[in-house]
């Protein structure tokens, strides 16, 4: 019986080629006509993102991508008009323009001149020339958009958020990292809480507001009232929010992940508000909140015991706080306590005794632990990731 690979049905070849990386898919297509035909089957390229340098005209580029069924594109460098891409990819689903610093409102405006119903994800991160004008175009012609990345687009203002709230009703994920001009008014637009005609993006599930320095507790009030389906909220480096703002968030039943890293005004009181509410968080990050101490760990054990991931790096916690927390946190998978310089071997022994499900722990910069405590941690049955970083001990204590 003939068993040579050339006897395989094209469908089987396509299944095999589907497991190859992008470069090897292309190489397989060059072997023979049978492999070429199989390699061009759309199932082989399902989910693949084409990464393109648009430098010169290539008439065969987009027909080739469409023949493979590729609908996700990342532009690595943009020296041609963006409209060249839009016209060539009629059914495009995802367009990543992150880091295309030369993209302007004018260039985007010429590309988006009619509705593009297929586009679901648009990444404009670090496209620093983009302003509210572009958001007006996006809101008008990309009404099916579900993911919008605007991190580092520092010229966007509250007016831009009003346009988003008006036109992008299907939006599920929005990244506004380091959009420095945004204030509580803009968040109110998104949440449908202002007197504007915009309904708001009430279907949002993920919202990143990292390093939006003008936001205050009023933004959290808007979010808690209008964005009730939110699952992930990133407020890291938002220095204007305080414990009082967390009281607003404490009854958001859909919220699963909350990032408060480097929010300088958050203290044990804020953690108490979160723990006393009706949250069902699986992930909490309060790293570098230096007003968070051992009392917060007691609150977490009392009201946030469903956490799978907890980050407390550089917080003012000690072995006593660890002792108050670990007995109730049996489901914890990831614990980050790097640069918590008051933690000693005693704390590690408590962790090893009670947190048997841990798969990862960060001990970077925990300078008071020794070989003894480390040996206890390495005996955790599920441990896969151990970050020591600045962990220090004498030569005689080093693990061999």
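Using N, Cα and C of the backbone, Cβ positions are placed for all residues, glycine too.
Note that the structure is predicted; figures quoted are calculated from it, not measured.
What Swiss-Prot records for this protein:
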- 2-48: domain 'F-box' (DOMAIN)
- 2-48: region 'Required for down-regulation of SNAI1' (REGION)
- 144-163: repeat 'LRR 1' (REPEAT)
- 170-191: repeat 'LRR 2' (REPEAT)
- 203-225: repeat 'LRR 3' (REPEAT)
- 229-250: repeat 'LRR 4' (REPEAT)
- 254-275: repeat 'LRR 5' (REPEAT)
Spatial neighbours of the repeat 'LRR 2' (170-191) far in sequence, C-beta under 8 Å, 6+ residues away: 125, 143-158, 160-162, 164, 198, 200-216, 218-219, 222-223, 225-227, 234
Number of helical, extended and coil residues in the repeat 'LRR 3' (203-225), per DSSP: 9 helix, 3 strand, 11 coil
Within-chain partners of the repeat 'LRR 1' (144-163) [C-beta distance under 8 Å, separation at least 6 from its ends]: 94, 98, 116-132, 135-136, 138, 170-183, 185-187, 189-190, 196, 198, 208, 210
Contact set, same chain, for the repeat 'LRR 5' (254-275): CB under 8 Å, 6 or more residues outside the stretch: 210, 228-243, 245-247, 281-293, 295-296, 299-300, 302-304, 311
Per-region confidence, the domain 'F-box' (2-48) (mean pLDDT, whole number): 61
